[in-house]
Amino acid sequence: MHDDALLRVSSLAKSVPGGRELFRGLDLIARPGQLIAIVGESGVGKSTLLNILAGLDRPDAGQVAIEGVGLETLDEAALTRLRATRVGFVFQAFHVLPYLTLRQNIALPLALVSADRRSITARADAMLERVGLGTRGGGYARDLSGGELQRVAIARALVHRPAIILADEPTGNLDPETAAKILALFSTAVRENGVAAIIVTHSEAAAAIADIVLTLTATGLERRA
Amino acid sequence: MSLLSARLALGWLIGGEWRAHPARLALTAVAIAIGVALGFAVHLVNGSALSSFEGALRSVNGRADVQVNATTPFGFDEALYARVATATGVADASPVVVLRATAGTARFTLLGLDVIRAAQVTPSLIGIAPAGVDRRTDAAFDGQALFLSSAALRVLRVRPGDALTVAANGKATQLRVAGALPGVAEGQAIGVVDIATVQWRFGRLGRLDRIDVKQADGTSTAALTAILPRDATIGTSASDATRSDALSRAYRVNLDMLALVALLTGGFLVFSAQSLSVARRLRAFALIRTLGLPRNGIIATVALEGLAIGLIGSSLGLLLGYAVAYAALTRFGGDLGAGYFADGSVRLAFAPAAAVGFFLLGVFAAVAGSVLPARIAARVAPAAALRNAGDMIDPRTPVPWIPAAALIAVGGVAAQLPAIGGLPIFGFASMALILAGGIAGMPWLARTVLAPLARRSGRSVASDLAIHHLHGAPGQAATALCGIVASTALMIAMAVMVTSFRGAVDEWLGQILSDDLYLRVEGSSGFDPAAQAVLRATPGVAGIAFSRQVPLTLSADRPPVTLIARPVDARFVLLDKADRLPAGTIPIWLSEPAARLYNWKVGATVTLPLAGRYAVAGIWRDYARQQGAIVMRETDYSKATGDRTRTEAAITLQPGADPVRVEQALTARTPRGLARFVSIARPATLRRYALELFDRSFAVTYLLEGVAVLVGLAGVAATMSAQTIARTREFGMLRHIGVSKRQIVAMLASEGALLGLVGGIAGIALGGIMAQVLVHVINPQSFNWTMATRVPWGIVASVAGALVIAAAGTATLAGRRAIAADAVRMVREDW
Amino acid sequence: MPYPFTRRFKRLSTGLLAAAAVTLTAATPAATDYPTVRPGARFVFPREHGAHPAFRTEWWYVTGRLETREKRDLGFQITFFRTTPKTDPANPSKFAPKQILFAHAALSDPSVGHLLHGERAARAGFGLAQARIGDTDVSLRDWRIRRLADGRFVATVKTPEFALALTLTPRQPPLLEGKDGYSQKGPLPEQASYYYSVPHLAVSGSLTRKGTAQPVTGQAWLDREWSSDYLGGGAVGWDWTGLNLDDGGALMAFRIRGPGGRQIWAGGSFRRADGRVVRFAPGDVRFAALKRWRSPRTGAVYPVAQRLSIRLPEGVRRLDLNPLFADQELDARRSGMPVYWEGAVRTPGGSGYLELTGYADPLRM
């Protein structure tokens with residue numbers, strides 16, 4: 001065991017409400033700057049796993065700890081706070097709110113915990129710069145292409161300096177060329193920020209940028225060479 | 001993480017929503033505004049009318065502590081004055097003669113006062129002459145001196161110093177305008193003359209109508225009551241207030257209720273708009289919950305939106321309400337055309353407490369309408385919501401019906417309960433419960449009605465989709481329906497009530513207007529026996545039945561009933577009659593309201609403030625006199641009162657006589673002094689006039705009803721368009737799989753029409769039930785008259801039609817806009 | 001004391017009848033309908049004690065001193081007025097204002113420091129107000145003055161602050177003022193009244209204050225006056241005094257002031273203890289202020305102490321009139337009365353009342 005593990009999952013088990021078991025005895029450790037891809041067939045429980053890691057769903061057994069804090073010890077309010085401060089999300093559907101400016105979309109995680117408009121804006125602008133949308137902060141989602149929207153989503157996932165980023169099929173809605181650019185950006189961002197990233201994906205391209213690729217099966221995670 | 005620290009994010013979310021959908025939020029604010037405006041306006045108008053009416057009473061009464069009032073227009077013996085003045089507890093007493101007077105065409109209240117007494121007891125009733133008027137006479141006791149209130153000076157168009165011929169009690173005399181009455185409130189037409197002059201010149205020698213009493217400190221009216229004869233009662237400011245309140249209270253409460261209904265409908269509109277807004281934003285809410293907004297943050301967001309809607313809508317509503325009240329008062333008068341407050345003008349009185357009340361009601365409606373859907377949204381798991389394309393619809397989910405049935409059942413029980421303080425409180429509660437039950441039952445109804453349709457298929461794709469969508473998501477449909485149902489139900493209920501009432505009035509008019517010509521003298525004068533004989537001998541007249549109507553005070557805190565002296569024959573239609581009367585009693589016939597108000601049964605012996613013992617011989621239907629009326633045989637009346645003057649006559653023509661010529665002959669034979677005040681009418685004219693009056697008194701009811709329906713339809717439109725927009729992606733998918741634009745529009749139109757139909761059917765059914773409560777509970781309890789139900793089928797059909805068309809139309813319009821974009825974009829559309 | 005009464009009566013009517021709005025202070029209408037006061041009428045008693053309803057105005061005016069058991073000195077005034085307005089005599093109504101009655105009462109108590117007062121008014125009729133013809137019996141609800149068969153007068157008044165029930169016993173015959181009761185009031189002979197006084201009335205009875213009755217004794221002066229037309233033009237006010245002298249003498253003097261305090265008319269009479277009467281011509285009477293008092297309420301300055309000089313055959317006699325206390329101003333504007341000063345005064349060798357009008361406001365004629 002290493003002290004610098006940002007995410008530590010042990011003996012995790014989960015069944016669907018119908019009774020079918022998704023996985024059991026699942027273990028996972030993610031360290032700073034580490035990008036872990038989880039692949040697997042549809043319906044195997046990848047998204048459920050991600051929801052459990054985010055504290056949006058509870059496992060039937062096992063523990064999840066983010067920066068050493070066990071999620072099972074937290075109540076709903078604490079989980080919410082944990083998500084707002086230590087977790088970043090990137091979704092397949094970009095979920096960029098159409099009625100907020102791009103700057104506001106990016107700053108949303110910060111605005112949930114602080115009302116200091118100036119510093120929030122400054123950090124959002126810095127993130128926009130980082131994802132190559134430096135001049136677009138006042139624009140709206142409808143002005144952007146899919147790749148640009150996902151850049152906004154990545155910026156939003158990183159803006160509050162989380163410990164881990166959870167990405168659910170981040171390139172699923174993008175053409176291969178754009179997807180490649182986004183993945184490159186994602187990987188650079190993860191490494192530069194020293195966060196741990198978990199990507200759930202079908203895409204080989206996405207898996208290719210990962211440090212570790214794990215396949216989710218009914219018995220747990222298997223490392224792919 | 002508290003909501004406070006997330007305030008910036010909440011602000012963004014609310015601000016973003018408002019920037020994105022300003023029209024929808026504006027519409028909900030306007031709905032609240034309309035509700036608040038109507039409630040406030042009706043309240044203001046009622047309050048202003050009542051306070052003006054009370055002001056008028058107070059003006060005429062001059063703010064005496066206590067009054068001894070005559071129970072009939074014939075007054076009481078003036079000897080009572082000396083007894084009252086020397087009674088225990090009386091500090092001073094001021095005798096008054098009160099007459100309705102005319103000068104030219106203007107009318108005013110003429111008071112005969114002893115200025116010395118009035119100066120002590122009712123100083124507001126004495127005036128100061130402008131300088132320059134005769135300073136060299138005893139004007140204080142000048143029999144010719146007439147002092148007029150500013151309103152009277154205005155309507156009579158006279159100035160101090162002018163001569164004026166004043167007519168009252170069938171006599172006229174010339175007076176001189178000596179000055180003004182500055183103590184009389186603005187708007188009250190009052191004239192004051194020395195009491196001796198009034199008694200002498202207007203035929204009231206020996207009679208008084210009123211004694212104003214100044215009480216010694218801390219005394220009761222018991223000593224006074226003990227010495228009063230039958231034809232006088234004690235009145236205090238409290239009993240005056242009760243009386244003027246009783247005059248129109250039921251009517252005012254009914255209007256207030258209607259106004260609240262409008263506000264309620266506004267609340268429904270907020271509810272449906274916010275429900276859809278929340279449904280549309282479910283994923284946005286899920287996102288920010290994933291990002292770290294606490295569960296109650298969503299409720300807070302939507303509640304804040306509702307609060308903003310409520311604040312804006314309520315503020316707007318108060319302004320609008322004030323403007324509407326002002327316009328209504330100027331246009332219709334204080335009773336909104338219902339004819340309760342005939343005298344004096346009404347001035348708009350701002351009511352701060354009511355303003356605050358209606359403001360809060362509006363805000364409450366908006367916040368409640370927002371919080372309810374927000375709570376549902378906050379319960380949705382964020383992860384599921386994020387992944388979901390739309391609502392999780394499961395057509396197998398059972399829909400509860402028990403709460404709805406329970407509400408309706410409780411409503412039914414409430415309808416059986418009696419009135420409280422003359423107000424049908426339980427009746428209104430019953431209507432509210434039935435309405436709430438009906439709305440709660442909407443999902444179940446939508447499911448039940450659509451289930452057979454959903455099982456059958458093979459129609460067009462469009463209608464299949466429409467039926468399945470509504471059948472599968474009855475909750476969503478119910479949201480859209482509740483506005484329709486509420487407004488339809490209320491409209492139908494009111495329409496049925498008004499139709500029943502109007503039909504009953506019409507039928508009743510047919511019963512009472514059975515003669516050929518009707519003649520009436522306005523004012524307090526009438527035909528003496530000689531004049532009656534002259535009229536009776538008019539060529540072409542087969543029979544003439546003279547009658548007399550005088551107000552009769554039976555109780556100090558109730559408005560007087562109308563005593564009608566007329567011949568009673570077999571044509572007198574009765575609702576109920578006594579088999580026999582106690583020996584030695586004089587028969588009287590009570591109108592239905594009189595019987596209910598005073599709780600007198602047929603056959604009972606009753607005391608009237610007239611000489612003799614009376615017994616109730618029967619009860620007759622009367623929709624004209626809400627405060628009650630008593631019919632007495634003309635001959636009995638003359639014996640009891642000595643009054644042989646008659647003010648009305650019903651004339652039967654000889655066969656073949658020309659009504660026009662008889663009318664002219666009658667006019668020609670009218671005594672010269674009266675000719676100006678006599679009007680002759682035929683039954684058709686009277687009937688038309690009566691129904692016009694009826695319609696005018698219900699004009700505001702119609703208006704309020706119409707507004708409630710408009711708000712309801714606006715709700716339908718908003719709901720339909722919002723739902724349509726929320727389903728853009730669904731339409732995109734349908735287009736991908738080969739459904740044409742036209743079919744989608746047709747589907748939406750069918751959905752709209754179905755919604756309209758289901759809502760209409762439910763609303764009409766509910767309205768029918770509520771109409772029964774109105775007709776058989778609220779009306780008798782408020783107005784003391786009964787009627788049979790008549791259903792306005794035409795209105796029912798057109799309401800149903802209008803609803804279907806409006807719902808389908810708005811759905812179509814919204815649908816056209818929603819599918820204007822290309823299919824690919826619609827599917828890809830992020831939100 | 002004709003003018004004060006006329007004035008006061010008229011102001012009283014005006015005030016009460018503010019309604020009517022006509023200032024009765026204006027000269028009475030040409031008194032064609034009323035009898036004219038002429039010299040040479042012969043007074044018959046007790047007939048003259050009763051009302052003379054044909055005349056426009058009339059009063060029974062009692063002023064005097066009271067002594068309580070604790071020897072406290074008080075002043076009192078009880079007045080009943082009667083007036084006959086011009087009305088249509090054909091009016092058969094019982095409310096027809098054929099006679100109007102007013103009454104006024106005031107109590108001067110140095111320990112109170114200001115006047116206590118109350119009033120009544122009514123048109124005659126209904127047993128509530130009437131003035132008897134033939135002998136004194138005037139009543140207004142619970143207020144009444146009447147003459148008993150034995151010649152004594154009984155007066156009862158009730159106000160919220162005090163009540164008086166007094167018996168007034170004459171000890172001297174009536175004093176006919178002017179020429180056998182014809183008292184001229186202005187330069188014109190018809191500006192006159194019939195006027196007699198009954199000085200030195202012995203008073204006994206009770207004074208009720210704060211619900212407690214106490215016996216009182218004292219000495220009073222009754223003025224009886226009736227007329228139809230009093231006032232000449234130009235007067236703004238008047239000073240009047242009636243004094244019971246300790247030696248049994250009685251003195252009445254008045255002057256009418258024009259603008260600037262100028263004396264327009266004056267008169268009076270002095271009945272010596274032995275019964276001989278001296279009548280004053282306008283030039284025989286002089287009032288001079290000794291002490292003035294400014295009313296804090298109205299700002300009016302009253303000569304509350306005066307030196308009265310009268311010319312007697314034996315020479316000019318001066319009497320200094322000193323008030324029981326300075327503030328005997330009657331401010332009854334609230335009930336429609338004028339503001340004037342009506343106070344108990346002492347003079348060496350006697351006591352009585354002083355009346356000062358037209359100081360707060362020049363009275364317009």
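Cβ coordinates come from backbone N, Cα and C, glycine included.
Listed features, source TrEMBL:
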- B:257-278: transmembrane segment (TRANSMEM)
- B:258-380: domain 'ABC3 transporter permease C-terminal' (DOMAIN)
- B:298-329: transmembrane segment (TRANSMEM)
- B:349-378: transmembrane segment (TRANSMEM)
- B:399-419: transmembrane segment (TRANSMEM)
- B:425-446: transmembrane segment (TRANSMEM)
- B:477-498: transmembrane segment (TRANSMEM)
- B:702-723: transmembrane segment (TRANSMEM)
- B:707-819: domain 'ABC3 transporter permease C-terminal' (DOMAIN)
- B:744-771: transmembrane segment (TRANSMEM)
- B:791-815: transmembrane segment (TRANSMEM)
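Below 8 angstroms of C-beta separation, residues 28-29, 32-33, 35-36, 39-40, 43-44, 47-48, 51-52, 260, 263-264, 266-271, 273-275, 277-279, 281-282, 285, 295-296, 298-299, 301-303, 305-307, 309-311, 313-315, 317-318, 321-322 of the same chain, each at least six residues beyond the ends of the transmembrane segment (B:349-378), sit close to that stretch. If you count C-beta pairs under 8 angstroms between the transmembrane segment (B:744-771) and each of B:298-329, B:399-419, B:791-815, the highest count goes to B:791-815. Taking Cβ pairs closer than 8 Å, the transmembrane segment (B:791-815) reaches residues 484, 488, 491-492, 495-496, 499, 713, 716-717, 720-725, 731, 744-745, 747-753, 755-757, 759-761, 763-764, 768 in its own chain, all 6 or more past its ends. Computed over the domain 'ABC3 transporter permease C-terminal' (B:258-380), the whole-number mean pLDDT of the model equals 77. The helix, strand and coil residue counts that DSSP assigns across the domain 'ABC3 transporter permease C-terminal' (B:707-819) are 98 helix, 0 strand, 15 coil.
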